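In what follows, a structure is listed as structure tokens, so that the remarks can point back to it.
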């Protein structure tokens, strides 16, 4: 099913766009392939979101594009529709490549592409670490129109010559702020070096700090910019609160007191380290609370199974590191708890954007010790938002 985009928020979003960007009010106005239109409508979209109505036509024209919009505004479908429009399915070669910072996000993009391209006979493969290399090789040798992957595995497949790059027309960097941070920067350059010189580059993210925009000058030519103004970056419709916790040790008791509230729908609890995730999961289970947990060092099969259980509602409380924060779409999540405030303020919007997806009610609760007050104030200033102390009736806000 498509993201049910929050139209009220969408209508109020302010965009700073390059002068020649027009707005396409309907998908028909974008002159898309008939079978792609069928897939878009079957997926549940009726009309384009604000970012879709601005970015899709520009990307389809072949322009390098920087698109920034909040979580839950249809960013994934923006570049998925664009890729499906420009590829030639008669040519069984990789023509579009998407790089994402996490395996889960890369897999989710693959499923969106397959759903939107349902009537096009499109081949799309998720090329991610932690999976069988032999399966990657088999799929890539068969021929994939679109590859969605994580930078390390994609670079490896290109070096092995199993992922052939000579037909690639478009490179998409999703959650570009995270991708271009130190951890992935070199791998991105590794991949980019192998691409044809005329490859179009599309950069998509909820946050685009200046250093990222600066970096894009190295591999983009005269890009179209579709940027949400900073002041519009508060996730409208989400209620944000803090709970003052005198010391770190007391966070656990506070969380136990909140457990009944957490399970009204589904909740995600964020910690900053995998060690903290494991510790908190064990402590919660010892206290007879049902929780599941996930972090980047778990085997991929285990991560997939945990994600599936959570998506299906079999588990209701998930404890995770930031591996889960970026772009993962689970419709029923109404509550996010920052057990630890994020080290990087850019990640705050990615974390709390997991709750109240697409116009549903959502609540974010931040546990704040005296050492955290400065970080909380910094987040408030950065996003021009106000985070109030949590009221007693928080359960009522979720129902």
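Just so you know, glycine gets a Cβ as well, placed from its N, Cα and C.
For 25-53, the entry in Swiss-Prot reads motif 'Q motif'. Look at Swiss-Prot and you will find 56-226 tagged as domain 'Helicase ATP-binding', backed by sequence analysis. Residues annotated as ATP binding site in Swiss-Prot: 69, 70, 71, 72, 73, 74, 75, 76. The annotation motif 'DEAD box' is assigned in Swiss-Prot to 174-177. The domain 'Helicase C-terminal' annotation in Swiss-Prot covers 237-398 and rests on sequence analysis.
Reduced to three states, the DSSP call for residue 74 (ATP binding site) is coil. The domain 'Helicase ATP-binding' (56-226) scores a mean pLDDT of 91 in the predicted structure.
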